[in-house]
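Student: I have a structure here, written as C-alpha cells, and I will follow up with some questions on it.
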Amino acid sequence: METKDMMLTSMLTMDKGENEGEKGGEGGEGTQQENGRLMLADGVAERGAKSLTSGSGQQVSNGFTTSTPQSPREGPGSAACSEGTASGPGGGAGSSVPPGGLRTLVVQQTSLERPRETWSKKMDFLLSVIGYAVDLGNVWRFPYICYQNGGGAFLLPYLLMAVFGGVPLFYMELALGQFHRNGCISIWKHICPIFKGIGFAICIIALYVAFYYNTIMAWALYYLLSSFRPTLPWTTCSNSWNTVNCNRYMSTDHNVSWSNSSTSPAEEFYTRQVLQVHLSPGLHQLGSVSWQLALCLLFIFIIVYFSIWKGVKTSGKVVWVTATFPYLVLLVLLVRGATLPGAWRGVVFYLKPDWAKLLSTTVWIDAAAQIFFSLGPGFGVLLAFASYNPFHNNCYKDALITSSVNCLTSFLSGFVIFTVLGYMAEMRNQDVATVAKDAGPSLLFIIYAEAIANMPAATFFSIIFFLMIIMLGLDSTFAGLEGVITAVLDEFPHVLVKRREWFVLALVCVCFLGSLSTLTYGGAFVVKLFEEYATGPAVITVVLLEVVAVSWFYGTNRFCNDIHLMLGFYPGCFWRICWVAICPCFLLFIIISFLAFPPEVRLFNYHFPPWTTALGYCIGVSSFICVPVYMVYYLLTAKGTFKQRLLKSITPEPSSEQHRDFIFTNAV
C-alpha cells in the first residue's frame, strides 16, 4: 500500500490573555480536526526527543496521557487525545503559560493509504481457518494412519503431539500475523530480517501444493459429473474401459470367483477411465494431457478465482458454504454407515487398541507428521488470515477452538470411513484389513466409491460425497493462494495493491499451467512425487527456522509482550517452554525421521525408480534454498562493517504502522 503520512504541525503565536482564555473557557480541551485529532496543551514543553510508553494509554513527554485506537493500524483519527497535566518550568495543573512560552502541539498522524482489509465477521475468519485446517487429509490420511498404528492406542501419541507441538505452533502463527499485520514475506523485517527468505520459501511451497492438490479435486469433479445417472459407471464390468479381469465381487454375486489377478469395476474406472495410467509406463514417459481432466481443473480454478479475487471480503462469504457443507455430509454418511450391516466390524478394527505398537518409533513419527500437516502451520496461511483480524481479537481462544475442531473432525472421519469398510468386508466375506489395504486417494476413489455404489440410493450418496471432497479441497486452495497473495501484496504494495484482481488472475493461470503435468496419463505419478517430496521435509524445515527465529532471535519475552499488548494477558509458562524448546525438538524429530526412514514411494504396481528420489529432493530443496540465499544476499548488500551488518540482520525494524499514532511538535 502507498504509505504517505500527513503530519499536521503548526507554529502558534498567542499572547497571555488568549492562552488564559482558552484555558478557562475550554478547560484545556484539544482542538479536533476532520482528518486527525489535535491536542493543544498549555505549558512550556521540554525540548528533546521523548518517547511514548506503551500500554492502555500513552504517556506524552510533557505528562499528557493519550488513549490509543483499538488497533495500531485501524481507523486513522479514531483515538481522541485526553487532557493531562503539563510539566516544565512553572508547569502545573491549570497553570497559565508565561508570555513567549513554548506550547506543545500533539498531533495524531493519519495515513493517506487505504486501511487494511478486515474480516466482515468473526465467523468468517473462524470458518476460513477451519476450512483450511480440515482438508482431504483428515478424511483419507488420519483413518488409515490410525488403524495402521494401533487403532485407539494411536490417539495417545496423536494428542500428545497436538498439545506439545501442533497447537503451540498454530497459536504462535496466529499471534504473529495478528500483531504485525503482514504476510509471510514482509513480516520478517519486524521479527528477524535475515530470515526473510523463509517467506519466499513458503510462497514457492504453496505453489507446488497448488500444482497437484487441485488435480485431486478435478478427479472428484469427474466422479461427481459421472454420478448423474441411474447406474453408477463404476458398478459394472461392461464398459469400454473394462478388462477381462474385472469382477464385481460381492456376497450376493454367487457366480463370481475372485482371484489375485481380479480387479473391481471401481478400481478400473479410477485407473483406466479417470487417470488412464495404463497409457503411461512411468514418470519417464507421462503421455498426453487428458482433456476431460483439463476441463475439470479449469472449472475448479474458475471457482477459485472468483472466490478470492476481491480478498477476504468475498472468500469469507464463500466459506460459509464450503466449510459447513462437508460437516453436514459427514453426519449424513455417518448415520447411513452406522445402519449398514457389518458396520460394527469396521469400528472395532478402527478403535481396537494395540498398545504394543506404542513402543515403535514409527507410530510417534506418524503422529507428529499427521498433526503437523493437519493443522498446517508454515504455509503462510495462518499469518495471512490473522493479519486481517482486529488488533485486540482473542487469537488465543481462536487457536484452541479451530485446532480442537480439526482434531475432532479427523476422529469423526474415521467412523465415516470405517463403518463403510466394515460393510464392504461383510459383503465380501473378508477381513476389514484386506478391504482397507489402500491409502490416500485410492481409499476414497476406489474403496469408498465402490461401497457407495452398492448402497441403496447410491446416486444421491455419490453426489453428496464427491461434492464434499471438492469443497474440502476448495477451502484449502482458497487459503493457500490467499497466503501467497497477501505475502506478495504486502511486499510490493505500490505496484500490486490496486491491481489485486489482475495479480490473482496471473497467479491462478500459473497454477493451472503448473498443473498440466498432473493431468497427463502419468499425472498420478507426478501427484505422488509432489506429495512425498515437494512439501513435507521442506515445510517442516521452514517452520523449524521460523520457531527458532521467533523464540531465540526475536525473543520469547518480546513476543509475549506483543501478545499482552493485544490480548491483555501474558502467555503462561507452558507456551513459553513449548516455543523455546519443545516445538523445535518436535520439528527436529520429524525431520530426522524423514532422513533416517525415507519413504518407499510406489503407486499401484509402479515402483518409483531411484532417479525420482533425487528429483524429489531437488524439488524440495528448490524452495528451501531461498533461506540461505537471502541470508547471503542480505549480508552482502547491507551497509557497514561485517559486525554491523550481522547486528542489523538480527535486529527487528520497528513497524511504522505500530508507532504512528502521535507526533509531538514543539511550537512557539
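Backbone N, Cα and C define each Cβ position, glycine as well.
When I checked TrEMBL for this same protein, it listed these features:
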- 1-100: region 'Disordered' (REGION)
- 15-26: compositional bias 'Basic and acidic residues' (COMPBIAS)
- 51-71: compositional bias 'Polar residues' (COMPBIAS)
- 125-143: transmembrane segment (TRANSMEM)
- GLY131, ALA133, VAL134, ASN138, SER374, ASN406, LEU472, ASP475, SER476: Na(+) binding site (BINDING)
- 155-176: transmembrane segment (TRANSMEM)
- 197-225: transmembrane segment (TRANSMEM)
- CYS237-CYS246: disulfide bond (DISULFID)
- 289-306: transmembrane segment (TRANSMEM)
- 318-344: transmembrane segment (TRANSMEM)
- 364-388: transmembrane segment (TRANSMEM)
- 400-425: transmembrane segment (TRANSMEM)
- 445-472: transmembrane segment (TRANSMEM)
- 502-527: transmembrane segment (TRANSMEM)
- 533-554: transmembrane segment (TRANSMEM)
- 574-594: transmembrane segment (TRANSMEM)
- 614-636: transmembrane segment (TRANSMEM)
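Quick one: where do these features end up spatially?
Tutor: Residues 136, 183-188, 274-275, 292-293, 296-297, 299-301, 304, 378-380, 441, 445, 449, 462-463, 466-467, 469-470, 473-474, 476-477, 480-481, 483-484, 487-488, 491, 510-511, 514-515, 517-519, 523, 526-527, 530-531, 534-535, 538-539, 542, 545-546, 549, 619, 622-631 of the same chain sit 6 or more residues outside the transmembrane segment (197-225) yet have a Cβ under 8 Å from a Cβ within it.
The Cβ of CYS237 (disulfide bond) lies under 8 Å from the Cβ of CYS246, ASN247, ARG248, PRO265, GLU268, each on the same chain and at least six residues away in sequence.
Residues 214-215, 217-219, 221-222, 225, 274, 276, 314, 470, 474, 477-478, 481, 504-505, 508, 511-512, 515-516, 519-521, 523 of the same chain sit 6 or more residues outside the transmembrane segment (289-306) yet have a Cβ under 8 Å from a Cβ within it.
Residues of the same chain lying 6 or more positions beyond the ends of the transmembrane segment (364-388) and with a Cβ under 8 Å from any Cβ of it are 116-119, 125, 128-129, 132-133, 135, 137-138, 141-142, 145, 148-149, 154, 157-158, 160-162, 165-167, 169-170, 172-178, 180-184, 187, 199, 202-203, 205-206, 209, 312, 395, 403, 406-407, 410, 479-480, 482-487, 490, 536, 539-540, 542-543, 546, 586-587, 589-590, 593, 597.
For the transmembrane segment (445-472), same-chain residues at least 6 beyond its ends with a Cβ under 8 Å from one of its own Cβ atoms are 134-136, 138-139, 216-217, 219-221, 223-224, 227-230, 232, 234-235, 250, 264-267, 269-270, 274, 300, 321-323, 325-326, 329-330, 332-333, 336, 340, 417, 420-421, 423-424, 427, 435-436, 438.
Sequence-remote contacts of a segment are chain residues at least 6 beyond its ends whose Cβ falls under 8 Å from one of its Cβ atoms, and for the transmembrane segment (502-527) they are 207, 210-212, 214-216, 218, 275-283, 285-290, 293-294, 297-298, 301, 304-305, 308-309, 481, 484-485, 488-489, 496, 603-604, 606, 608.
With a threshold of 8 Å between CB atoms, the same-chain residues lying at least 6 positions outside the transmembrane segment (533-554) that come near it are 169, 172, 176, 188, 191-192, 195, 198, 201-202, 205, 208-209, 211-212, 369, 372-373, 377-379, 579-580, 583-584, 587-588, 590-591, 594-595, 613, 615-617, 619-621, 623-624, 627, 650, 652.
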Student: Which one is it: of the recorded positions CYS246, LEU472, which Cβ has the fewest other Cβ atoms within 10 Å in this structure?
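Tutor: If we count Cβ atoms within 10 Å for the recorded positions CYS246, LEU472, the smallest count is at CYS246.
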Student: Who sits close to SER374 (Na(+) binding site): which same-chain residues at least 6 apart have their Cβ under 8 Å from its Cβ?
Tutor: ALA133, GLY137, ASN138, PHE142, GLY166, ASN406, CYS407, SER410
Student: Neighbour count, 10 Å Cβ-Cβ cut-off, for GLY131 (Na(+) binding site): what number do you get?
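Tutor: The answer is 27 other Cβ atoms.
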Student: Provide the number of Cβ atoms within 10 Å of the Cβ of VAL134 (Na(+) binding site), excluding the reference atom itself.
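Tutor: Around the Cβ of VAL134 (Na(+) binding site), 27 other Cβ atoms lie within 10 Å.
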Student: Which bits of the chain, at least 6 residues beyond where the transmembrane segment (125-143) starts or stops, bring a Cβ under 8 A of a Cβ in it?
Tutor: 119, 216, 312, 315-316, 319-320, 322-324, 326, 350, 370, 373-376, 381-382, 385, 388-389, 393, 398, 401-403, 405-406, 409-411, 413-414, 416-418, 439-441, 443-444, 469, 472-473, 475-476, 478-480
Student: Using a Cβ cut-off of under 8 Å, list the residues of the same chain at least 6 residues beyond the transmembrane segment (574-594) that approach it.
Tutor: 161, 164-165, 168-169, 171-172, 361, 364-365, 368-369, 372, 536-537, 540-541, 543-544, 547-548, 550-552, 556, 559-560
Student: Determine which residues of the chain contact the transmembrane segment (155-176) at the Cβ level, with the cut-off under 8 Å and only residues 6 or more beyond its ends counted.
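Tutor: Beyond its ends, the transmembrane segment (155-176) has Cβ neighbours at 146, 187, 191, 358, 363-364, 367-368, 370-372, 374-375, 377-378, 382-383, 385-386, 395-396, 398-400, 402-403, 407, 411, 543, 547, 550, 559, 562-563, 566, 575, 578-579, 582-583, 586-587.
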